[in-house]
């Protein structure tokens, strides 16, 4: 009996320590999110918050082997200090939420249901801090409930009383009105909003870690026999599709890649512009057909199954031709009109889609791995690269190069880019576009003029832009 009592006491002490650690983690997360992530134009403070999160997670996460999955979250946080292009800020927050869910999800056959369930699970734990506080003060719990009930009754009564008395007496009403106006103006609603968002983030992160301690008694799913496809139907379908793509490939090699004279008076730029997104859409359709076919025939053997695999390989090769055609069309269009943000994103997407097609080739031959997980990994890698590469710098370089070479009349698009483009815009200072370039630097500097200088806002891109602007004014 004595041994059992000691074991129970030890277990109770460990549970209390865990609760205290989780509560401290939640409070630190709330304060850190408000102070480091939410300030306007937050820069270096965002990766600082990410590092502090990793340190805190090391002390509270039960399974520390999962923490390697935190690496993508940290990489996303670097965007705030390396680039001033804000198009990824909102998306990074959303992606980070799912990456937190990925960090605490089980990597098994039910990955997507687990990921979605883990992402929304923290909301179920929002009430736990209050329950723990009440449990820790069981003797005072009835008193606390009575005080809360009294406040719920008293506050509406006081509001009604003040309204009626203000209407009954003008002097009293004026005094109450002046008091409420002063109180209203003294409150910073932006600060209140930041605190509220910080608390929400703190509760969410607390709930995420708390969920990792919860017992997950998931019933094992009985393996269902995989459905088998009709090899005759699939062979006819794939053969017909392959025949059409063969004719299309001949046209591509004859006119686009071999640069023969185009019919109907088309120029290569006009030819390249038309059909790009349709081809991109078709590559997605082809990959879907291939994956579906392999899924329904991967357990089949015999000549018909081998023919299906051969046709899938051929269709994958034709998809690679479509991808090459799309890339070349975009390249011709870019040579004529210069790089833009959208074209930059498309080039990157096509490159990573090509990597995905190579994985698809291997999957057709040996369908023994989760190809969807591979696609997700490639997609995440693409998104992480976009966060680290200064897109506006390369876009501005393309636009300015074409302007200086006389292939472009203006640089209006380049002047709309973020301060990442500042080193390239500086090349225009000694050209006919000098006034436009000076206006660009003045506009960039005015963005921060109304904000107090704080260490949280440090950003390498904006700092470089500021120095370039100062050097230009000094030279004048």
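Cβ atoms here come from the backbone N, Cα and C positions, even for glycine.
In TrEMBL, annotation is done automatically, which means it is predicted and not curated.
Quick caveat, the model's predicted, so the values are computed rather than measured.
What TrEMBL says about this protein:
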type	residues	note
TRANSMEM	20-38	transmembrane segment
TRANSMEM	44-60	transmembrane segment
TRANSMEM	147-167	transmembrane segment
TRANSMEM	187-211	transmembrane segment
TRANSMEM	232-255	transmembrane segment
TRANSMEM	275-296	transmembrane segment
TRANSMEM	308-332	transmembrane segment
TRANSMEM	344-365	transmembrane segment
TRANSMEM	372-389	transmembrane segment
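Among residues of the same chain six or more beyond the transmembrane segment (344-365), those with a C-beta under 8 A of the stretch's C-beta atoms are 280, 283, 287, 290-291, 294, 309, 312-313, 316, 319-320, 323, 326-327, 330, 334, 371, 374-375, 378-379, 381-382, 385-386, 391, 394-395. Put simply, of 20-38, 44-60, 232-255, 275-296, the stretch with the most CB pairs closer than 8 A to the transmembrane segment (308-332) is 275-296.
Same-chain residues lying 6+ beyond the ends of the transmembrane segment (44-60) with a Cβ under 8 Å from its Cβ atoms: 21-22, 25, 28-29, 32-33, 35-37, 67, 70, 73-74, 77-78, 80-81, 205, 209, 455-459.
Packing against the transmembrane segment (275-296) from elsewhere in the chain are residues 226-229, 234, 238, 241, 308-309, 312, 315-316, 318-319, 322-323, 325-326, 329-330, 333, 346, 350, 353, 356-357, 360, 363-364, 367, 371: each is 6 or more residues past its ends and has a CB under 8 Å from a CB in it.
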